[in-house]
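A.B. asks: One structure is given below, represented as structure tokens, and several questions about it will come after.
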């Protein structure tokens, strides 16, 4: 790991929100007197009823309960839109850049208000009300944000489904949360390719029983022909004549705001529930301090609203702070790898927040991504989704940031709501690849496999010892799964599932997942979900999926397969199985390497030893550790001999 230290640049200290002394004082108060600290921070939101009960939380596995501001009342959409109108209604909320470089739009806060009110009234016309679930399967267009905020305005609970997911994944999520309405578009656009969103929805509803689904709202984005059913309604028809006046529903701070599905290590995705008050405060306060955001900044989070980064740092955090954000439909490499730089120059972007995968994709082209690009407007860079390797950090810092922009390398999860470990641009000297220090209220610790806390410079399992306002409250419809997943491994603490090390300067470095969840290009994928898709193919008897180091994606997907008897292994079959996963689950889940084998390493009780498979996939087969419980050690020798990642 790099131990090179980059001091805080002088310009980052000027007019900043925090000095190192401010951070030390505020952090101490946030962990020593959380009720006092968070009551003060909550004043940054507009409340219908100011909360007096600030923190009521328990990590006891017999009674896991997380409540913040529980007697407070507010509306998220009001906080993100209405309260800005009097003084900032004319200010741009979103600069939208289409996949096609010639497509763009400007959405002011006034226009955002009117568009959200119309679709909110449209939803009310369809009978959607407080507590109803609405699925959103949209491209990266402003209407995706309008739909999310419309749900928040009327008290409906949204679940955004990433536009790259398959019909099966759509149906699973719709059925799990019993969504009443689904909002989609005719098609999406990505790198010039048309993504058949409406067709995917049609397939999901035709091939699966989705009894809760009553209506599908379709936004006309590309204008391509789509099939039509009796339960379909065009967005423009629904909103035509709808009023731009839509009184916001008064919500309790602990009412659910959204459900977002994240991969679990035991098969079915988990519907992580975030609530209204604590989440909004957490998203907004982290956006303000992590990015040192100030009015007038042009801020760009290059994520997708289908993931939590898009929820917190495209929609809720920036809008609560009255920010101006860039929203980008396309990919960093289309039409060519200078697209990011061109958008930065075109809109004079000051803050750029993207994923190591995107950084590595651009880095592969050397200096070309910045050829003809000024980049002089940039003052801050950010990284999210997975640990950034020092080589990519250096390229980002020198080539994109011109060796003058601090990098905030943030660690957090769907379940944490927003940033947890992060440098602060005016406070933290940077170490390439380090997530650095905890944000206000976050109390990290490292423990060994038995749960004993480790002190000093060490490596272990990362836990959080107390609650924070943006913490997920439960898994939708399955609180026991929430408890078992996060609170039983190391009782009395939140188990992140990540490993980390702490250096002699108390900087935290994330070392990767310790469970069976992969982090592919910043997207979390459950190995069990991929294995389930693989074994549903008629040629596959058994499957085991592990991650391995991948230059571009961070983690690649390495698949071990046992064929059914009589199946002939061919290149065509391998390609077919790969495409099968792509269709059943998502293009993101497409295997990088598929190794066929007559056997898998199993214990005598029949459990696959994935630890060994991970070592082989990573070419670390000389460090297999204890293999005494293997039923047939010769299987391992064969797998090593035939390994694909040489």
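Just so it is clear, glycine is given a Cβ too, placed from its N, Cα and C backbone atoms.
Source: prediction; values computed, not measured.
Per Swiss-Prot, the features are:
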BINDING   190, 191, 192, 193, 309, 521, 582  CoA binding site
BINDING   385, 386, 387, 409, 410, 411, 412, 413, 414, 498, 513, 524  ATP binding site
BINDING   535, 537, 540  Mg(2+) binding site
MOD_RES   607  N6-acetyllysine
A.B. asks: What does DSSP assign residue 414 (ATP binding site), in three states?
C.D. replies: helix
A.B. asks: What three-state class does DSSP give residue 309 (CoA binding site)?
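C.D. replies: Residue 309 (CoA binding site) sits in a helix per DSSP.
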A.B. asks: Sequence gap of 6 or more, C-beta under 8 Å: which same-chain residues meet both conditions with respect to residue 387 (ATP binding site)?
C.D. replies: 356, 409, 411, 433, 435, 509, 510, 511, 512, 554
A.B. asks: So if I draw a 10 Å sphere around the Cβ of residue 582 (CoA binding site), how many other Cβ atoms end up inside it?
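C.D. replies: A count of 16.
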A.B. asks: What does DSSP call residue 540 (Mg(2+) binding site) in the simple three-state scheme?
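C.D. replies: Note: residue 540 (Mg(2+) binding site) is in a strand by DSSP.
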A.B. asks: Cα-Cα, whole number of Å: residue 191 (CoA binding site) versus residue 385 (ATP binding site)?
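C.D. replies: The separation of the Cα atoms works out to 21 Å.
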A.B. asks: Could you tell me which of these binding-site residues, 191, 535, 540, has the greatest number of Cβ atoms within 10 Å of its own Cβ?
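C.D. replies: In terms of Cβ crowding, the pick is 540.
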A.B. asks: Among 190, 191, 192, 193, 309, 521, 582, which the record lists as binding CoA, how far apart in Å are the two most distant Cα atoms?
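C.D. replies: Across 190, 191, 192, 193, 309, 521, 582, the two farthest Cα atoms sit 24 Å apart.
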A.B. asks: Far apart in sequence but close in space: which same-chain residues, 6 or more away, have a Cβ under 8 Å from residue 521 (CoA binding site)?
C.D. replies: 355, 357, 385, 386, 552, 553, 554, 588
